[in-house]
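> Dumping the structure here so I can ask a few things about it.
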Amino acid sequence: MVDNKQNVVAEFKLVLVGDGGVGKTTFVTRHQTGEFEKRYIATQGVNVSNMVLYTTKGPIRFNIWDTAGQEKLGGLREGYYIGANAAIMMFDVTSRITYKNIPKWHKDLTRICENIPIVLVGNKVDSKDRKVKARQITFHRKRSLQYYDVSAKSNYQYEKPFLWILRKLTGDPTLNLVEGIALVAPDTEHVMTEDQIKQLEMEQAEAMNLAQQGVLPDDEDDEFN
């Protein structure tokens with residue numbers, strides 16, 4: 001079990017942004033009980049989860065800010081963003097509108113936080129009701145952001161956003177985790193099969209190939225709407 005009171009070599013504020021219901025809180029709380037500390041800051045209307053990751057540079061602490069539903073009230077207070085070292089922007093691949101709102105979240109975020117590492121993640125890729133296909137996800141390419149498919153409930157690619165951010169923040173592209181993140185086991189209905197994972201990887205490879213060829217679909221095309 002991680003001792004959150006221990007000395008760490010670095011500590012960072014990481015903010016989660018995106019529409020309500022996309023799975024931000026589920027994403028944070030996949031850690032097994034005792035692996036993180038959670039506190040509520042009433043003045044900002046946020047939950048902050050304290051998470052320590054063991055890396056090849058030593059233990060590093062993330063203070064992960066989650067909106068606690070405040071995004072449903074028409075936006076977040078500036079204090080939510082101030083002092084952030086990195087961000088994860090999340091949308092739900094089963095909901096087109098949550099992806100269409102990503103530019104708004106990016107604008108709000110970068111207005112306060114310039115030049116911080118930002119990862120865009122498409123959550124719920126375990127769902128058979130996917131609406132936003134890999135080749136339709138183009139915003140990160142236009143803004144030079146990192147993107148990952150994830151599934152909070154199946155733990156698919158859970159560590160990748162954190163590892164990418166850690167490498168950017170430390171300036172060490174070779175940094176790795178020396179211990180895996182302890183996660184709650186996925187429910188049976190959310191366990192992803194090898195075939196599902198292969199299909200996702202194939203679709204991502206196809207999307208990357210199209211991007212390299214300069215063939216990017218328009219977010220406003222008929223198929224997307």
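Cβ coordinates are placed from backbone N, Cα and C, and glycine is handled just like the others.
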> Under Swiss-Prot, which of the candidate ranges 2-10, 38-46, 164-172, 173-181 is annotated region 'Switch-I'?
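Going through 2-10, 38-46, 164-172, 173-181 one by one, Swiss-Prot gives region 'Switch-I' for 38-46.
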> Swiss-Prot tags one of 69-85, 120-136, 188-204, 205-221 as region 'Switch-II' - which one?
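The listed stretch tagged region 'Switch-II' in Swiss-Prot is 69-85.
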> Looking only at the region 'Switch-II' (69-85), what is the mean pLDDT?
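Summing pLDDT over the region 'Switch-II' (69-85) and dividing by its length gives 75.
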> Let's check the environment of G23 (GTP binding site): how many other CB atoms sit within 10 Å of its CB?
21
> Where's the emptiest Cβ shell within 10 Å among the binding-site residues D19, D126?
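Selected from the binding-site residues D19, D126 on minimum Cβ neighbours within 10 Å: D19.
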> Quick one: what's DSSP say for T25 (GTP binding site), helix, strand or coil?
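SS state of T25 (GTP binding site) = helix.
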